[in-house]
Structure formats: structure tokens, C-alpha cells
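Undergrad: This is the feature table in Swiss-Prot:
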{"type": "ACT_SITE", "residues": "Ser1577", "note": "active site, nucleophile"}
{"type": "DOMAIN", "residues": "1544-1708", "note": "domain 'PNPLA'"}
{"type": "REGION", "residues": "284-327", "note": "region 'Disordered'"}
{"type": "REGION", "residues": "355-410", "note": "region 'Disordered'"}
{"type": "REGION", "residues": "618-693", "note": "region 'Disordered'"}
{"type": "REGION", "residues": "716-764", "note": "region 'Disordered'"}
{"type": "REGION", "residues": "921-1069", "note": "region 'Disordered'"}
{"type": "REGION", "residues": "1084-1108", "note": "region 'Disordered'"}
{"type": "REGION", "residues": "1852-1883", "note": "region 'Disordered'"}
{"type": "MOTIF", "residues": "1548-1553", "note": "motif 'GXGXXG'"}
{"type": "TRANSMEM", "residues": "76-96", "note": "transmembrane segment"}
{"type": "TRANSMEM", "residues": "104-124", "note": "transmembrane segment"}
Amino acid sequence: MSQVPVASPASWSSVASAAAAAVSAATSASSSLAASVDEPAATTATAATASYADERNPLIALFDGLLRVVLASLNLIRILATFSTITVPSLVYAILHYSLTLQLNFPSLALLFLTSLISAFIWLRYRHLNKYERLREVPITRDEGFNLNPDVASPGGDNDRGSFHNYLDDFLQAIRIFGFLEKPVFHELARHLQTRRLVAGDSLSLDTDFSFYIVIDGHVQVYAPLPSATASAVGQDSVEDEDDSGYQLLNEVESGGTLSSLFTILSLFTEDVKLSFDDHDDPHLAPPHPAYPAMDRLNNSSAANHLGRGNNATAPTSPYSSAFNPPSQTAAQLQLNAAALRNVPAAISTEGAVERLGGSAAVRSTSKSSHARTASSGTASATVQDGDTSTIMDPLEQNDDGVTSSLYHAPDLQMPPAQAAAPFSHFAPSYHPSPAGTPISSLPGSTHSPYFRGRATSIHALHEAAGGPNTPGSILSAMSSSAHGHYHPQADYLPRQGAGTVARATVDTTLAVIPAEAFKRLTKKFPNAAAHIVQVILARLSRVTFHTAHKYLGLTKEVMRTEKSINDLACFPLPSEFYEKGGMDKLRHRFLPQPNSKRETTVDDDYFRDFQEWTSISQRSSTPVPGSKDDTKDAATSSPPKVRIASDLPSLTTSSKQSNQKPTSSRISAARTPWGHPDPPLKTPTARNMVGPGDLLSMASLSQDGWYTTGFDMHSAQPTPRAKPRSVSKLEPFHGPLPHPVDDSTDGTSPLSGASPIPIRKGSSTMYHQGEAIGTDRPFANIGLPHFDIKNEVMDCIAKSIGLAQAAHSPLAPSYQASPHINAQDSLLQRSVFKSAFGSLSMLDAAMAEEESSITGTNSSMAGHGHSGFHPSDFENEVEIKFFPAGSTLVKAGESRAGLFYVIDGFLDVLLPAEANELEEEDRLKPNMNHKSAKTDASSGSSRQNRPGSHRKDSSSASLRAGLLDERNLREADVSLPQRRGTEADRISSNGDGNSGSVHRPAMREGSSSSTSYGTPAGLRKKPTESAKVGNALDGTGGAGSSSRRKPSHVSSGSGATTMPRHPDATNSNMAFTAKQPVLHPSLHQQQPLRGKPSQQSSQRSKDGKRSIFTVGRGGIAGYLSSLLGTASYVDITAKTDVYVGFLPAHALERIMERRPIVLLTLCKRLLSLLPPLILHIDSSLDWQQVNAGQVIYREDDPSDSFFIVINGRLRAITEKTNGIEVHNEYGQGDSVGELDVITNSRRRTTLHAIRDSELAKMPSTLFNAISVRHPAITIQISRIIARRVRTELVRSKQEGAALGAPIPGLPDLGRNNLNLKTVAIVPVTRQVPVIDFAAKLQTAFDDTIGGRAIFLDQSSVMGVLGRHAFSRMGKLKLAGWLADLEQKYRLVVYVVDTPVSSAWSQTSIRQADCVLMVGFGDEPAMGEYERLLMSVKTTARKELVLLHPERSVPPGSTREWLKNRPWVHAHHHVEMPGLTGSHAGAAISTGGDPKAVKALRNLKQKLETSLQRYRKTMTPLSASGRPHHASDFARLARRLCGMSIGLVLGGGGARGCAHLGVIRALEERGIPIDMVGGTSIGSLVGGLYAREAEMVSTFGRAKRFAGRMASLWRFASDLTYPVVSYTTGHEFNRGVFKAIQETHIEDMWIPFFCNTTNITWSRMEVHTSGYAWRYIRGSMTLAGLIPPLVDEGNMLVDGGYVDNLPVTVMLAMGARSVFAVDVGSIDDTSPRAYGDTLSGWWVLLNRWNPWSDASKIPSIPDIQGRLTYVSSVKTLEEAKKVKGCFYMRMPVEEFGTLAFGRFDMIYEKGYKAAVELLDGWDAEGKLPSGTEREDFEDDWEDGDEYEEYEVYTDDESGVGGGVRKIRKKRRRTRRKAGISARRNSI
């Protein structure tokens, strides 16, 4: 075991000594900095000793180390104590005792101070004063390429066919032409669907049957025969492929197209409809047998064809009458004749066509016997008397070959053709042939019974006696069905080109066929559906064919010839006894002025006061009243019942003996009158001095129902069914005594009984006094007509003329449910049944009730089954008897809803407007031409004017006016009252009495408890025209009557009248025979026209270029086509002589047509038979296309095979580029597209797509070529259209080429394409937006500013009209048709989206809109739910943003937040809406979020405004609080939507621009609103200041402060720099602009603003509409050399005046209609210079001091450079002066320098005075736009009329602001009242 050794004491001592040595060594080492190198041995020894000691004892080493550490610490403490107590105090002491001496002189101190000041200035300059440099936001760009690209909106939306396409799709597409079809109806057609295969080259005669052909697969060409005259020419020198075929290519039909003309379908539906109805259709009166059978006439030799022409004694046969040459033609031959007529080329006269039909001696013989003609060898004209024809052809009219046709030549104008119905039997024709020149009446068998009304021998009675012409059928079928073998082959009479249209398949083609039997079965099984199809076809005819022929092809004359033929066919004058017994004289006496007007009226007053006295005087010179004992006995013994049903009364109640008695004056030779009227010489009434106004108020039946007295409740809105009348119809002839049906249901007094006077109606006034009781109820009793009611007689004649009186097939079993049932809800529409393709689809609502479905309604008059006679008990007689002096204009071309004018006596001229006028008007009105059809019947039922009383001394110049307006008419008329200016007839014959005053008289009788008190308009009082002063040439009177015009309340124009406000208690009351008159202010009658008289101007225009198409005489009807088709009038209708007419308003005619489709069927029958072949060919080739929103119609570089006419909807033409798309133009209603490409045979230049669902008329180029061959005049018409289109594009390209070359997308079309907007949708951003209140204020603005020609629709209004199923799948087609109808009636249709996002109305509104207005709060830029809906719909319509603000201020940059997230917004508008609570700003104001101090200031402001308001009333014409209506933001928006904005463009000129402030002040004082502002240079600054808040005070202050800064020489000097780029740095200039504009963005400005600059980097002009305003205003003011160019995104911008100093074209491109352009530029010295070929500068310098030298005129280098820079600007300035709508204002401030800002006040005052003078001058001329003028001034009136608006006003109580302003103010007030009424009845 090992043991541990223990150290001895000696060893411990050694260890300790070693440790001590180690510590001492360590201490010495720490004290010394380094060991000595000389002692290595000692160190080694010490270390060895230490290690030895450590090795010896570790404890000793430890203690030794500790000891050394303690010692080292003590040493350190000693050192620190020494440093702190000795070293530091010594150092401090040394520093404190140190001294330094610095010596500086004053220059050194000044330099030091300046250095410090400059350093501080630089620090502030670049740190704080250049804050504007950091405002560099990039302008907002709009991604229009994405937004407007149709491929994005509707991929595959064009006609590309998918792989799953089949023939059923084509079939469904083709039958859309029939409108909406219910499922059983569709199945009925589909059940008969067949297919037919055509091999390439096969031909198909489209006239062989009436089947409906649809091309399913393949390609078919349609040909029409060439005219014989042109066929040879084409054969000799042909440009077509079909050189010698004799046919012309009309159309090329591809898959999905139709081959058949819709007229073939119409012919099936009208087989049993007669062309006209006469008394001889009744079985009681069998017509005489014809002299020749029809077949025998067709079998005669062709040599007799020229018999008519060879006969010098008779004029040629009327073509239309010859075409239907009964009396006993067979149906087959009638079909042949009609079909051949339809296929006769237009180049051949219609007479020649008849010759080709079958020219036999019998034809001519019968023709001669059927048409009495008078001849005169000494004259070049002949009177054409086709029995009862009511037309006189123009003697100078030529046929299509250019050769004057003998058809249009007649002898001297001796009498109207309708005088066959006059009481002169020697003018009456007969059935029997007579020798030439022999009076027909002298022949045996001629009928003279007055009951026959002279119509017994009319040509239409001839062929109607045989049942009327049947449907135009197939030529082949007619040949096969000819009876008795008397028919010669048609080839003997018709060349090959007359066979009709032929279809030829170019490739193997498959056709889908709906056979004719299917439509026949449809007619019998579903008559209501068939009626609907007829309506749709008529709609297509009117809206496509007639529209194209009239508006585009210039074939108005051809269309109106059809109306002339209809007048020839259906002429029904009044009974002859009315004329021969003095009825006409009594009627004329009715319009004489009242001689005893001072007498107070009583309840016994009647129209025929002192009638016996007049009768005694009249009978002295008139024929004694014919009568007999039977007459007396009949009148004395007959006791009519207490209630007389009108249908039970014959038209003329005379005995049979009386009927057979010839008038004693019938043998007297006709007396010549100046206008050819053969009036009997003994029937001239007493002479009169004037013709006064008035109305034939109540000639007989003054009952509450208008026609008869029953228990009908006038409070009912719709007529109730009457009791079933007797089988003896009113139109049925009567032999024997007058029947008196017994009616015990009432104890009232019949108006015909004469037992008691008519009760007085409250609220009405009369113009006549009642006479004795004997004449009260029988106005014609004293002249032998005791039961004659002229209103009923006129209505009977109108009913027969329009086909309403179709006789029943069986007189023993008349049907009384002859038309589809129309419920009350459908009748509320009060609209035409044919205006739209889907109009009056009553079966849609009825489909919800089985008993009203078109499937179950089997009794329909349209099918020809159960035709009942005309029963007036079914309708309310609304005929108005009116008088028009010679020269009056009843209807002007372009007017809608004119109504029917039945001529009682006199002549009406149907005039074709002058071609030059049309072209000029089209050029002038092209942007706004599609609203002309927006007219209503507001004035057609207007109140009639009373006969002038004794209160006016100038009654000699009383107007000859008469009109009616009852409350029911008001209720219907108010639907569209604001948008209609009324027909010419209404302006002449209604509401006004020339210069005469008016007096209220007691009512005639008591009506319903709430009779209307509607006052008639107080119109302009004009001097009588020359024609009116002549008086009635018929009776020799010299009554002076004014033919002044009148416009309804919303139109203030030439002779317009301002309608008085409706009485609040006015309700339903039939005022058919009540006259009304307003109380007019005396000052009205003292107003003198500013320009010429409209009637004289109209007469002058008529002399200048209007051509007469035909004349309408007695028994004729004017306005037939336009009224029944619901289109605007194609012609002017004027009074050729003093004329008395029966006027049937449009709304009354609409109700008749809704209940009796037979009227439309009769029209269809007549159109089938009488339309010229040219029109039929056009109709067969025109394609009616319905395209969906976004659908591409054609693309760029496609072949040009057709062009399009927009019927409804909107199209956009674009071209695609690398950086997006370029919008070229937008086309609205009435515009044509693509004809330039077709005519030039070039490829499409643009891509055309539909913005929304649209209707188009497509005209193929082949049709155009064919028409050009047949009608060369069309080529000229199209050439003019092309030339105008090219000229317009060239002018626009010149104007916009330099001005609109801006890189900002969307600026060129920012407002150019809003001029013809038709539909606008108001869509809220979120549901919290008060869109209803917004729409109400906007509608008020429309009414107050532009006349309210807009209708606002919301869901409730639409459902109220169309029912709760309006938005269902079934009702969509009906809704589309109704909306399209509204577009034609109104200038603007506004859809208000007031429903949830998911509703159908929201989507419908967006899809139907041309422009979408997104309405949101200005301080809430978040995306709303409706915006997401808008994006999902993918509409390509323009989208504009409306930001609502509670006050007129916009926080800077807030608008940018809206726009940067919505690149699809095209424009934005700031609108002030006081009381707005939905936004954050409005909530902050209303909830008290402001501090107490702000609240106190607001309260003080309100108190001050309230206290100052009483003083302001005497200073301003505005009585309402807030801004003027015309200056409000809503009015600005309304003008924007209608394209009537007023712009202000301010030019550049340095300090001379201070005159701009004076111009703005003058405009504000005159009340002219400023809707947009633009400027250049100093004009951009002044314009920007005004646009910021639209307030003059702040603008003036800020502009004056800027001028003060610029006038400071110190500031200018402080900004000088070394002139490398410019003389100044531009900082002071920038600072001055920024201080004036602040941080406002251009998009934040309240009024739309722009400024232009010149980009010298790219050498172009730029227009700025977004970004910081100060930057671009400064850039626009950058004068090169004085200020450095502004750098914007790398481009250098200088003064915009270098390119365009007055950017008028930019303002027009933004949508302004009128522009005030203010020029303050300097005028350069243009005097000649002469200084030789060389020039020494030294010589110039020396001679500048020589006063006799011309050296001062030598320009310097800066002058030469300045003139060079403004070369382009001078050219654009001259062009701007010539721009239409530009009011150029040159300010006389040339003497002031460019930098003369110190003369601010002088320049300002000079500009103000100059502006006032200019405005006064324009105001005196009537050219000054005010923002409140009616839009249809320019659209519908001539230059002489538009300025007379200033004379239309009512009394003004304020008495301030006289002259024009006073009148305007009152005009606005009156218009507002009318607008309120219209808004109340907007639907």
C-alpha cells in the first residue's frame, strides 16, 4: 500500500518564499511596460523557480497570486487619485486661463450675413416653396378599347353560325317578322311546315301561290322584270349579268332569309275585306246591271286598247279605276288584275299597265261610262272626275318616263271631282255609258235622290257592287280559275317581264314552306293572332318601306299617289240635300262674327240666336226649301222617342217622296267662282265683313255622349257597351217613313225631339246666343233638315272612307262582336296599334285570362266573319268641325298624329316639300332629326276658341280658329303633352282668335259634376295674313282671318301659344260642342312680331319650291296614310281655298282602330291593290333586321353588299388599332350607314355593331341597282346623300384633324355622339342613392329648360301600362314594342332604375340605354352592387358618372378616386343636391359633426341669407330659393343629354385676357348658363378659375390677385436667369398659377373644363381633361423664351395658342351646341414692307431714331419668330369663326400689351361693355342661346318663325327685367306648370 508523503516545515518555508518571489515578479512586471531583453537568464531562472515552487506547493502559489492582485489594485487607485486630483485640475486651470483675440471689419460681417440669408432662402425655396413640383399625378387614362369592343361585350355576337345550327333556328328567326306568337299559334304554323328542294338553276315564281318561303340552306337570287323601255336598253348596253333576260336582280337571300313578300300574307287575311263600302252594297238597293260582263270586256281585241287615247272628247281612263273595272268582274280576274298591277314596272305608267292587263273596247267603254269627264279643247288640262273622286291631279305632273301623261291633263278647273255628290244632277255620273261630252245625269236611269248622296255612280260602287276585288292572287291560278273559257292567256296582254318576281337558286337550296292554307286556318282558328300579325306587317310597311322610300329614296310622291288613289276609291261626300237646302250656307254663317256680342248670355242662349232673321234674309236670295206635304206631315206628326240611338237613325231623314224629288236648282248652270266651285247663284248668304273664329259646336245632338243621349256615365274613362241596336243600321238605306225605335229605359229628353232645351253645361263657354226654342234642338230644321246632325254625318262618311263601315255578309244576321275583345287595361295605352312591330299586343295580357286569349277569341272582324255594320253606339263621336282660310297650313311634313281631315267644302292641297328645303334642313338637323316623330295629340283635342265679343274693337282681324278639348282628351293628351308641338291644323284652328280678345260666357249646359275649366292657350296675336283678308271667296265675304299658327304649352315659337294651366278640378266631360276662351292680358295684343309672318313665309315657301301632288275636294280625306299608319306626315296639307273640314283627332282614331281592326284590314286591302309596283318591289327586297346588343353587323374589310337605315336603336362604327379602338361615329334613329361603301363598291372601312337592341332596315345593293334602273331619280337622291355625307366627314376631319389629335383616348367622341341620344338609364351606384329624387329633379329641369320632351319611366309606371307580366318571358316582346313606340313619340326616354339589382327592370333599363348615368355620392368611391350588374351586362353603351354633393364644392382629389378604378367612365358630372343625407359629407352636416364655432357660422349664414332674400326679390326675377332653373346642375345635365349644352371658349392674349372676366359677368347677368369651359393661355386660367366653383366673385378675386403678382417687377426680376432656355426660371409664374388654382384637379372642377397645350416634343396639340389643373394651365400659358417649357411625362409643353388660340372645335367635340368664343389676341400689322433685297442691321438701328423713316416697321428677330409660331393659330381662328353655333366675340383690347397686368380694371371694364353690346345685338336678332329655348325650334320651324318665341308670354307681375328676359322668365313659368301636369300623367 502506498503512502502519501507529507511535506516538512522546511519545505513550507521554501514554498512561501517562492510565492513571495513570484508576486514580486508579477508586480514588477505590471509596473514595467516590457521586460528587458538583456536579462533572459534571470527571467528564466525566476520562472523556473516559480514553477518549481508551484510544483512544490499549490496553496502557496494561490496565496501569492492573491497578494499580487491586491497590490496591483492599490497601485491603480494611487494612479487614479493622482490623475483626478492633480492632472485634471491642472488641465482645467490651464484652459480657463487660455485667451484668443479675433478681429473682423464690416465687409466681413455683411458678407457673412448675406451668406446666411441666401442659404436660408435656398433651403426654403427648394424645401417648402416648390410644393407644386411634387404634385405630379399621372393623368387618368380610360380603357375604351376594352369597354367599347363588341367582341368583349358579346363574343360571337355577329352572324357566325355555330356547329349545332339547324334549319329550325332559321325558321324561328324568320317568323320573328310576325311578332310574338302564342304557343298554340306557333304550333299551328309549325304543324304545316314543309320543306322544298331546289336544284341549282331552278326557278320559283313567287306569285304562283301565297306560301311563305324561308331559305334554310343555300343561296337564292330574286329577280324582278325590267320595264319594257329599259329592257331593250339593258339588252343593248347592259351592266348586269342578265343581259337579255329582261329581269333585274333585286335581292340575294341566304340561309335564314325569307323569299316571300309579306303582302302575300296580307292578301290571305284580307280576302273578305272590301276596298270601299257604299250604300249600294246593301241588298235593299241592287245596283244597275252593267252594260258589259267582265269576261266579255277582257276578250275584246287589243286594237281597242288605244280607243281611249284616240278619243279627243274624253280624258284617259284613271289607271286605278281601270285596274278594277267591275261592276261584275270575277274574283279570278280581279286577282289577275291586282297581281299584274303589282308586277307592272314603275317606269311604265299605270295607265299603260292597265292596257297591258287587258285592253278591250269594253274596258274603255266601261271606263268612259264610269268616269264623267269634261273637256276643253282650248286648255291644256282636264278635270278628272272618277265619279266621286276627291282628287285633282297636277296638270304638270309627269309619269316616270318623263313624258307628260295625258292622265294628268284635264280641261280648265271647273269643279271638284267630288261635285258628283253636289245638288247639281248634270254633274252626277251614271252607270250607263254615255257619248263623249254628254252629261251623265241627262241619261235615263241616273239617280238624283239626295239620299244616295251622289255616290250612286262612283267607280268604287261599280266594282264593289260585285263584291269588290278579291285578294290579288296568282296569275296562273287566275288563269286556271277563269270561268266560261272567256279568258285569253295572259301572255297576250302581259309581256314576260310582267309575270312578277322570280326566285332562282344559285346552288342546291332547301326551302322551308308555310303554305297558304296554314295562314287561312290561322285566320279562322285564331283571329286575334291573325290581327296581330296584320298589325306587325303594317308596322313593318310603315317603319321600313315607307320610311325608306320617303326619308331616303325620295319616293314621297310615289307613296302619296296611293293616298290619292284611295281618295279616288273611297270618296263619300255629305248628302246632296245638305248642300242644296242651304246647309253649307248655314255652316258658313256659323263662322261669322257675332253681331250682338254685348248681350249678356243666359241659360237660353244657343248658337243660332236670331236664326229666323238670318233665314229670312238668306232665303231672299236662295232657293226655296224643297218640301212637300209629306215633308210637313212627316215633320209634324212624327214623335220621336225620348231617347234616340244614333245607329237607328238614317243619315238623312226624309221620306221616300222627298228622296225621289229633284231639286229645283239642279238644272241651273253652275256659277263660276274664283276657285271653280259651281255654287248656285241663288244661295249666296248675306255679305259679311269678316270670318270669325268658332266651332260647329252643336248642330243637333247636344247630348252628354256627343252623338246621342243615353244613360252613359261620363265619369267612366272608357265607353261602355251600348244596348244592342236595331238591325236597321245607320248606314243601311231606308225607304219609307222615318223609323222611331222605342226605348222606355229613360225619361230624358231627346235632343231631336225639340221638347225642351239642352241643359246648360257648367264650366263651358259659348260664342253664340240661343234663339227661339224651335231652333234649339234642330239647327237645320228651318231649312228642311230637321234631323240632320252634321257631326254624325261626317263621322259616317269618315267611317265609310276608312273601311269602318264594312257591311255584314248576311244582313239578317249581323254580328255584334266583330273584333277582338279589348279590355280596359289595354285601352289605357291610348296609342296606335301599328306604330311598332309589336304594338297593341293585347293578347299578351289576355293570355293570362283564358276568356280573352287570342286562341279562344273566334269572332274577329279581321277575318271577315261576322262583319257588322258601323254602329256609332260603340264609339264616341269626336269629330270637330273646323274652318281654315285659304293659305293655311293644316299639317306640316314631319308632324305626327295629325288626324284625319274630311273635306266638307273647299279644297285641300297636298304639297310635296321643296327638295332644297329638305336637303338644307337635313344638313341642319342631322344630329337631332330622329325626334321629329315625338309628337302627341295634346293640341289636337285642344280647347276651341269662342267667337270674339264686344270687348275687342279689332275683331275685324279675328282669327278663324276652332278646336276642342274635353277633359278626357286632356287626360290622354297630357301623357305626352310636353313633347308635342302640335299639328299645323291645331295651331291654326284651335285656341286663339287672332287679334281679338276673349270673354268668358256661361256654360251651355250642365254636364257631369266636374266639368273641365281648362283654358285655351293665350297665343301670339298676329296681323291677319293676306289670304285671310280676302275672306271667303265662295260667298264674297271679306272677313279677315288670321292663319296664325299655334304651338302647345311646351313650344314657344313663331306663332306659338302658351297653354294656360289646367284647372285642378277639371275632370271628364264631353265638350264636343263647347267652346272655351281664356282671358288674355291686354299687352299680348300689342306685341308685334319680330320677324315676318309665318303664314306669309309659308306661302312664299310654297311659291318657292313646294309641289302639289293632288287636291282633295268634297268628300275626300287628307292625312289617311300617316294617321292610320301612325307615322309622321310625309307632306304638307294646306288649304287651297277657304275650306270647312271635319277633323277626327288622332287619339280618337286610335281608339277606333284598337276596337275595330277592320280599319287596318281595309288599309291593307287598299295598299295591296293600289301601291305602285316600285314600292312593292322595295318592300319585297328590304330586310327588317332585329339585332341584339353587341351584335356585329359587319366587320372591317368585309364586302359591301348592303347598307342599313336605323329604325330604332343605336349603332357604333369603330376601327381597331394596336393600342385600342377608335370610335368614328354613332348612328341613331333615322340615320343611314354604309351607303358610301356600297356606292363606291369598296370594302367596309369600319366595324359596325349594335350598342343596344336595334331595328334596322337593310337595303341590298342589288335592290339599289334595280331601283336605279327603274327610277333614275333615286340615283340622284342617293348621290346627294352620299355627297352630303362625304362633305360632312371632310369638314369634320378638317375641324378635328389638328384640334383633336390629342393622345387622350375618348376625347374626340366625348360629346360628339350624344347629340342624338334616344334612351338614357339612370342607375344608382348603391341602393342608398336617392335615385327617385334625382330623377324627379332632372325631370323638372327638362320641363323648365328644354320643354320637357322627355318621358321618365320606372318599374311601376311600366307595369301600370303593360300589367304585372310586363317583364315575364311572354311579355318581353310586348315591352320591347312599347318602348320602341315611346322612342318615336319622345325626344328622350329615361329609364329610372328604382328596383333591386336582381330585378328584370334593372337589366332591361341597362340593355335599352344609349347612355348610362351612374349616380353616386361624391365622397363614397367604393364599388356598388349596381356597378357590378352593369359590368356583368357588358353593355357597350356610353357610361357617364354623376356625383352628388350637398354643397357646390369638391374636395381636391376625391373625383380621382372615383375615376381611377373605373376606366370605363366616359365623362363625369358634379351635381349639387341640397339636403343630401346619404353621403358622409351630408351626414356630417346634418348630424352635427361640426364644431360649435362652425355651427354658429352656418346659422349666421342662414340668417343673413334669409334676411337678404326680401331685398333680392326686387333685384332678380327669381322668386324661388336656390339657383336659377336654367343655371342649376340638373338643367346643365338635361342640356347635356339633349345635346344643347352651351360652351365658353376663352382665347389667349396675356394681360388682355382680363377682359374674359367682363364677358363672364355679362353672360351671367343675361342669364345665359355656361355648361362647359375651355381656354388657351390666359383664357385657361380665367376659365379654370370659373369652372372650379362656377361663381363669379371668387373668380374675379383670384384673377385680380394673379394679375397683381404678374405686374410686380420685383418678382419678375427675382426670377431672371441666364437666357439659355428662357429669360426666367418660371418659378414665380408657377407660384402665381398655383396660388390661384391650389391643388384642384381638372376632374374636380364643378363645370367640365379643358385646356390645350402645344407638345413641341411631338409637334402636336394636346387637350387636357384630367390631372392637376395648375400644371396644364401653366403649360397652356407658357410663352416660349419667357418661361421654360413645362415637362410632363417627358414631353415639353408650351402655349396652346401656337396651334389653336381659340379651340372652338374641341368644345364642339365635347358636346357643346352653342359656343361663345372670346378672342383677345393681338392684331398683327399687315401693312406692306419695302426695304430692298438686302438689309443692314446697322442701318435699321440708326434709322429707328429717325421719325421720317419706315425702319420702325421692320420686324425684329423675336417678331419674326412670334409670327412664325402663330401661323397655324391664325388659320384655325379663321375656321373657328365660320363654325356653326359659334358666337365669335372680339374684344377691343388691342392697345394693351401682353404683360400689362397692371391695367386690370381698365381691361375688365372694356371687355364687359363690349360683351354687353354683342349680346344685345344677338338678342335683338333672336340668335342668342339662353339655355331655355325649345329644342324643336330648329327642328320644326323655319327661320322666320323661331325668333317670335319672345312674343309668347302671359302677364308678369314682377315688372323687372323687361324685354326679352321678362318674356323668357314668364315662358319658363308657364312651361313649368305644363310640365307638372305632364309629370303627373307621364304614363
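The backbone N, Cα and C atoms fix where each Cβ goes, and this holds for glycine too.
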Undergrad: What counts of helix, strand and coil residues does DSSP assign across the motif 'GXGXXG' (1548-1553)?
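TA: Final tally across the stretch: 4 helix, 0 strand, 2 coil.
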Undergrad: Using Cβ atoms only, which residues of the same chain lie under 8 Å from Ser1577 (active site, nucleophile) while being at least 6 residues apart in sequence?
TA: Gly1547, Gly1548, Gly1549, Gly1550, Gly1553, Ser1676, Met1677, Leu1679, Asp1695, Gly1696, Gly1697, Asn1701
Undergrad: For the motif 'GXGXXG' (1548-1553), give me same-chain residues lying six or more residues beyond its boundaries with a C-beta closer than 8 angstroms to one of its C-beta atoms, as numbers and ranges.
TA: 1575-1582, 1603, 1606, 1676-1677, 1679, 1695-1697, 1701, 1719-1722, 1787, 1789-1790, 1792-1797, 1799-1800, 1803
Undergrad: Look up the residue listed as 'active site, nucleophile' in the DSSP assignment and reduce it to helix, strand or coil.
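TA: Once the DSSP labels are grouped into three classes, the residue listed as 'active site, nucleophile' ends up as coil.
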Undergrad: Please give the sequence-distant neighbours of the transmembrane segment (104-124): residues at least 6 beyond its ends with Cβ less than 8 Å from one of its Cβ atoms.
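TA: That would be none at all.
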Undergrad: In the predicted model, what is the mean pLDDT computed over the motif 'GXGXXG' (1548-1553)?
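TA: Per the prediction, mean pLDDT sits at 94 for the motif 'GXGXXG' (1548-1553).
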